[in-house]
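Report on the structure given below.
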Amino acid sequence: MHSNRDKEEMDGGGEIEGADENEFAPGSSRGGRKYSPVVAHDNDRAVLEMSSIDPRSSRQDLKKVKVSMQPDVASEEIEGSMPNHSVNGPQKESKLELFGFDSLVNILGLKSMTGDQIQAPPSPRDGGDVSITLERSRPTAVKSGTLMGVFVPCLQNIMGIIYYIRFSWIVGMAGIGESLLLVAFCGSCTFLTTISLSAIATNGAMKGGGPYYLIGRALGPEVGVSIGLCFFLGNAVAGAMYVLGAVETFLNAVPAAGIFKETVTKVNGTAIAEPITRPSLHDLQIYGIVVTILLCFIVFGGVKMINRVAPAFLVPVVFSLICIFSGILLARHDRPAVAFTGLSSESFKENWGPAYQRTNNAGIPDPNGKIYWNFNALVGLFFPAVTGIMAGSNRSASLKDTQRSIPVGTLAATLTTSGLYLVSVLFFGSVATRDKLLTDRLLTATIAWPFPAIVYIGIILSTLGAALQSLTGAPRLLAAIANDDILPVLNYFKVVDGSEPHVATFFTAFICIGCVVIGNLDLISPTITMFYLLCYAGVNLSCFLLDLLDAPSWRPRWKFHHWSFSLVGALLCIVIMFLISWAFTVVSLALASLIYYYVSIKGKAGDWGDGFKSAYFQLALRSLRSLGASQVHPKNWYPIPLIFCRPWGKLPENVPCHPKLADFANCMKKKGRGMSIFISIIDGDYHERAEDAKTACRQLSTYIDYKQCEGVAEIVVAPNMSEGFRGIVQTMGLGNLKPNIIVMRYPEIWRRENLTEIPATFVGIINDCIVANKAVVIVKGLDEWPNEYQRQYGTIDLYWIVRDGGLMLLLSQLLLTKESFEGCKIQVFCIAEEDSDAEGLKADVKKFLYDLRMQAEVIVISMKSWEGQGEQQESIEAFSAAQRRIASYLGEMKERAQRDKTPLMADGKPVVVNEQQVEKFLYTTLKLNSTILKYSRMAAVVFVSLPPPPANHPAFFYMEYMDLLVENVPRLLIVRGYRRDVVTLFT
């Protein structure tokens, strides 16, 4: 029997599978290993007829070790003629043979943990088989260090066009005081995010994908993919923004380079009236497409090419900053231009307070302008100047040491740029008048010394550097999402480890060029900022959750973190999003929610051990402790059925459970709330059948998922069914979350197939349930049980004979909540000892049902009328047949006792047979069966109380009583409650 399993792509052509787990035992002959090639089984079918879903497991099965060879390595069989050699080479005599495995440096030990030889599964869905790759050495991919891999990309992304053309204007509008507050407010958000990023990045090995990898492993695949795709989209569109900014600056600096005629915007209502030129849209499009293509060629060159080109973009930027600060220090009154004051305390005082006012579209003060600026609006304008802290983590797959480079490089870039902004606020506010700050868009170029033109070069190269980092990080982010195999639609962007994501780069370039063609991204750019903030919030929430839960696996090397910092960082991100624009915030959150919904529906299931699972675990533990060990109040009672899947007979191969058992289990829950435990017992020795039990458990779990039933699967290996069930009924569950109802199928086939061992097992299970104080529900006619689409009409008849705590009444009410039974009505039949008791009993039952808020018709049958009614013909025939079989069985028992000179024995123990009592029991079941057939032949479901097995009676006799009771009743539930109430009359 082959278990269905997604086959992972291997580098090589051949696969070799170990045949026996004992190959790794200390006593096995390693030289005698013999590997046989595995042929792909294309005909493997699903383990269930009703499901095509494969059982998935994230557990690596050491029993199956696949060895993959490269195509250029000839596959050959490793024969036993090499006694002193194995896959790894010569085997030395182990001094740790007592421990049963080789030392930790073997191929299944630390090397597999660090990924030196064994590749980790590409998908969280299936742990797959451990793969041992035998290949020729190949050149390793180029890896970057902290400086070129993290610090420089982050610095290039953070230092952008806003500093050059907008920062001095912000200082003029907000004043020095509020500008410092603005920088501190936005910088604290990125600083706290960097702290959270450092903590998560140092909590273990990190693969490609940067923030997506961190968020996905902390908050789950759905959240990770939704935020990751939004962040990818933000990076791709941001690349277009940077390209357009560089092209526009170039055309402003060199107007003659324009192909089309420029558009001139006149400026009115300002103290310093100057015309502002704006390049033609067609020039922006043409130059933008060309620049994007050139940057893509650099990206296609790989990390090595990017690391060579990055300094060429960064050095002129640094030089331009030196020129700007040199010009500020050398500035004097009206030099280098009118309205400059040099570094002056008077200017500092005048520019300390804010001067919020209306401006035109170009940002020039205008009393009739359409835009009014305040602190909230400036947050939206300035915040893109501090984004870019993820540029280094986006390239995590290309870093030598992610756990050192990401914290050090990102934090260094964040502190460097924040310090630069704070110093620039003080200098810009002290060097010129407020009018000059508000009207000179390129004040940085005006004041730069000795080469003002270097600022234009700095603007162009800083934006191109940021565009290069966006076009570098975005494809790697998309490839990392695709490699996790969550969304099949992204399979086109998968790449092999160490390879460049060319297809993803093409797609990113396509998006970037499309946005460049639009030319005006004023409406899109706020959404980009939202995507960045959404990603930052995700990183902070991830660290907050992991830090708060403090699971044993949470051991980050970065010690300077606390859950309160992460919480404040996440709240700052949300606040800034709404400060910038509540409309764009809603749009970005809606897009992320749509992606989340799509991933949850179309995505493949994954389990990365995320923080939510840890939170659920701790919440479950707390809830379990809060429930305590005392009995649950009837108002809080929920049915927790233990579904006994092992049939009385055999099901088709690879079908772990009767298909209708899950349908019945769902009928015992109100609106699907509650838990079911599906158990099955495998006969045999645990050590020999452990693997069979795991396979069966996966198949049963697949069945439960397919039937959409909230439950868990458990497989127990025991010497026999009785012993296995006795252990289950004693130990299954925790505290008050133990199963309280045992559900099983009635053994209708035991006589037809002459299964003589069933009566003793069946009676033993019922007695075990009674001793363990578990309720019992036995389903007769399970094959005809309706599914959710089969509507039932008629009545649900309850033959309420003994007190059962209200369980039978409650189960009937739960049936009415299901669509298949909602058209039925309940009838309650009660048995009265005397005619005089009938009316009183009926009134009492009606009052009881009314107080329980249950609607039902009450019918009382007295014993006297019972005696007078005629039996159904089929019941008489079944009664006669049962008498003959019991007489025959009793005769055999007496003969055997006389022959062996022992007391009467049955089922391996002495029994006492009172023939008159046996006859009485048979007669009682005959009368009850006749009554059921008389009143409930057309009922949708019949409930009847389960009689306990009489003491010292053979199990064969009890089965005869039960067979007579259920004879010719097509759909019957036999119910026995336990020593407590499950319904209450009180609010």
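Keep in mind that glycine also has a Cβ here, set from the backbone N, Cα and C atoms.
Caution: TrEMBL annotation is automatic and unverified by curators.
Listed in TrEMBL:
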type     : residues : note
COMPBIAS : 1-10     : compositional bias 'Basic and acidic residues'
COMPBIAS : 11-23    : compositional bias 'Acidic residues'
DOMAIN   : 149-618  : domain 'Amino acid permease/ SLC12A'
DOMAIN   : 659-780  : domain 'SLC12A transporter C-terminal'
DOMAIN   : 791-986  : domain 'SLC12A transporter C-terminal'
REGION   : 1-40     : region 'Disordered'
TRANSMEM : 146-167  : transmembrane segment
TRANSMEM : 179-202  : transmembrane segment
TRANSMEM : 223-244  : transmembrane segment
TRANSMEM : 284-303  : transmembrane segment
TRANSMEM : 310-331  : transmembrane segment
TRANSMEM : 371-393  : transmembrane segment
TRANSMEM : 405-427  : transmembrane segment
TRANSMEM : 447-468  : transmembrane segment
TRANSMEM : 503-524  : transmembrane segment
TRANSMEM : 530-549  : transmembrane segment
TRANSMEM : 570-599  : transmembrane segment
Contact set, same chain, for the transmembrane segment (223-244): CB under 8 Å, 6 or more residues outside the stretch: 160-161, 209, 211-213, 215-217, 284, 288, 291-292, 295, 390, 394, 463-464, 466-467, 470-471, 473-474, 477-478, 480-481, 484, 486-487, 508, 511-516, 519, 521, 524-525, 527-528, 530-532, 534-535, 538, 588, 591-593, 595-596, 599, 603
Tally of residues which DSSP labels helix, strand or coil - the domain 'SLC12A transporter C-terminal' (659-780): 53 helix, 29 strand, 40 coil
Stretch with greatest number of CB pairs under 8 Å, the transmembrane segment (179-202) reference, 146-167, 284-303, 405-427 candidates: 405-427
Integer mean pLDDT for the domain 'SLC12A transporter C-terminal' (791-986): 83
Beyond the flanks of the transmembrane segment (146-167) by at least 6 residues, Cβ under 8 Å: 242, 245-246, 249, 307, 310-311, 313-314, 317, 363, 381-382, 384-389, 391-395, 398-401, 404-406, 408-410, 412-414, 416-417, 420-421, 424, 428, 441-442, 444-445, 455, 458-459, 462-463, 465-466, 468-470, 472-473
Close approaches to the transmembrane segment (310-331) from elsewhere in its chain (Cβ under 8 angstroms; 6 or more beyond its ends): 148, 152-153, 155-156, 159, 340-343, 420, 427-428, 431, 444, 447-452, 454-455, 457-459, 461-462, 464-465, 468
Chain residues outside the transmembrane segment (570-599) and at least six past its termini with a C-beta under 8 angstroms from it: 185-186, 188-189, 192-193, 221-223, 225-227, 229-230, 376, 379-380, 383, 486-487, 526-527, 529-531, 533-534, 536-537, 540-541, 544
